[in-house]
Amino acid sequence: MTELLKVHGSQNCFFILDQTKLQRELTDDELVALAQQITSKEHGLLGGADGVLVVNRPVREGATAQMRVINADGSEASMCGNGLRTVARYVAERDNLEDFKVDTMDASLRVRKQPDLASGVPAFAVEISPVRFNKEALPYDHLGHDRLLNTLVPELLPGYRFSGIAVPNPHLISFVDENGFKELGPLGEWLNGENPYFSDGVNVNFGHILGPNKIFVKTYERGVGFTNACGTGMSATSLAFALIHPELASFGKPITVFNPGGMVRTILHHENHRYWIELIGNATFTHRIAVSEESLHSATITDQNSKVVPTGEQENYLKFINNLDKPEF
Ligand SMILES: N[C@@H](CCC[C@H](N)C(=O)O)C(=O)O
């Protein structure tokens, strides 16, 4: 037997699979099948999830572990900010560490334990980088702009201004008023299906400015659909906020980012001509699930052949967000 963990950051939910604990690692095809099976909202485990976070041995010098991100549809993402916080906590507790590096597809990223957000709500800070703006990094084509920064793009949505930022997974960002959110679903669905512009799909984030250093962000995720929160999306949207509205957003100071599932803080940095972002938020473990290695390989995990033990942490998390003055859109 081995263990899966059900976890979340701002209720962006995942299963963590630590392959270093297995006798035989899953092949890539097996990982895709497992992700599609257990994350399904209708037939998956514990109501499904947005993806699977695979913990492997490190691949670069100086890192403690590697995280791979398999989206619910089986596609692989280069990064996941909310997921990295939960993997950071998992590896910190496994190896008794507080400050270390985790390999992701494009970079080794620093992760650090933080003071709890509230009683029983553990928190981690993770580095979000590299940051790129060029159209090849997203990628997009046929839009007539090499970069998008608060740019009117009528081909996407008339009257809406867009920014394109890869961190390094791709994000399209628009700041909207209360009524603008209704366009998020149709736009996200279109750009993540057959479309002439984003051949690999794109995470679409709508931000709403609440005040100085305070925003709300809702995301339609590539490979997932609507999500409660997207960590890299909130990081990219914070950077767009500061670049478009320098009078309202600061570098080097926390920006509060509310989302449908909770709240995080981001801190923007610009050093040696490069941007990077710190993402700080909860890393909550909701269930421990005992499964056989065979059911992982064959993607046949059911409530009958697994043993689920709730951790009790979700109650603490819900108490924490119920005490926030969190807006909804
Ligand atoms: N929810 C994540 C991002 C997950 C990856 C995304 N679906 C993609 O394909 O880029 C986050 O918290 O950053």
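Placement of Cβ uses the backbone N, Cα and C atoms for every residue, glycine included.
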Recorded substrate site member, picked from Asn12, Asn305, Asn316, Asn322, that accompanies Asn71, Gly81, Asn82, Asn169, Asn203, Glu221, Arg222, Gly231, Thr232 in TrEMBL: Asn12
Would you measure the largest Cα separation among Asn12, Asn71, Gly81, Asn82, Asn169, Asn203, Glu221, Arg222, Gly231, Thr232 for the substrate site and round it to whole Å? 16
How many other Cβ atoms sit within 10 Å of the Cβ of Gly81 (substrate binding site)? 28
An 8 Å radius from the center of the Asn12, Asn71, Gly81, Asn82, Asn169, Asn203, Glu221, Arg222, Gly231, Thr232 Cβ atoms defines the neighbourhood of the substrate site; name the other residues of that chain inside it, in order. Asp50, Val69, Ala77, Met79, Cys80, Gly83, Thr219, Val224, Thr227, Cys230, Gly233
For Gly231 (substrate binding site), which residues in the same chain are close in space, meaning a Cβ under 8 Å from its Cβ, but six or more apart along the sequence? Gly9, Ser10, Asn12, Cys80, Gly81, Asn82, Gly83, Leu84, Arg85, Val126, Ile128, Val264, Leu279, Gly281
Which residue, out of the binding-site residues Asn12, Asn169, shows the minimum number of other Cβ atoms inside 10 Å of its Cβ in this structure? Asn169
